[in-house]
Structure formats: structure tokens, C-alpha cells
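Enquirer: According to Swiss-Prot, the protein has these features:
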DOMAIN    7-92  domain 'Acylphosphatase-like'
ACT_SITE  Arg22  active site
ACT_SITE  Asn40  active site
Amino acid sequence: MTTTQEKTRCTISGRVQGVCFRAATQEQAVRLGVTGYARNLRDGRVEVLACGPPEAVAQLREWLHEGPPAATVESVACEPADDPAPAEFSVG
């Protein structure tokens, strides 16, 4: 039996750098069993790659709209990703 994996890349804009957004995203991802990464982009956004069971990836995507308490999320744009699924969730 093969488990279906979803891979999604999201870019989050707003006040999302310098507010522990990446670390909080990693905590949520690990809790949900999602692998991938969260990294700052030069333009002030954060990019998240989420790989895992579709329901877990959907929960993480939903959480990205709120983020940690210090963040102010203005928009979240997600699209399917073709990246290989990482073994863990990292912050870069």
C-alpha cells in the first residue's frame, strides 16, 4: 500500500521575517508529520515547502494564514511542487 504524498510550495507575505515565523512553521510541520523547509526570501517574504499526507499539508497551509502571534500575514500563495520530499523539516 502506497501513501499519497502532497508537495506544495507557499510564499507568505506580510510581517513574516524577524518574528520567528520559520521556527514556528517548523514546530507546526513536525507536529503534523510534514517535511520540507521554511526560508526567508530577499524580498521580505517567507517560502515554505510542505511535503506529506494531503490532510497534514492542508492543515499546515491553513496555519500559514495565521502564523505565530508576532506575525502579520497579508497573503499566502501556494502551488504544487515537484521537489523531492526531504526527510525532515528544516529552517534555512
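Think of each number as a place in line: the chain as shown, counted from 1.
Cβ from N, Cα, C; glycine included.
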Enquirer: Tell me the residue counts in helix, strand and coil for the domain 'Acylphosphatase-like' (7-92), as DSSP assigns them.
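Expert: Once the DSSP states are binned, the domain 'Acylphosphatase-like' (7-92) shows 23 helix, 34 strand, 29 coil.
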Enquirer: Let's check the environment of Asn40 (active site): how many other CB atoms sit within 10 Å of its CB?
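Expert: Looking across every protein chain shown, the total is 16.
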Enquirer: Name, in the order they occur in the sequence, the residues of the same chain whose CB lies under 8 A from the CB of Arg22 (active site) and which sit 6 or more residues away.
Expert: Ala38, Arg39, Asn40, Val46, Val91, Gly92
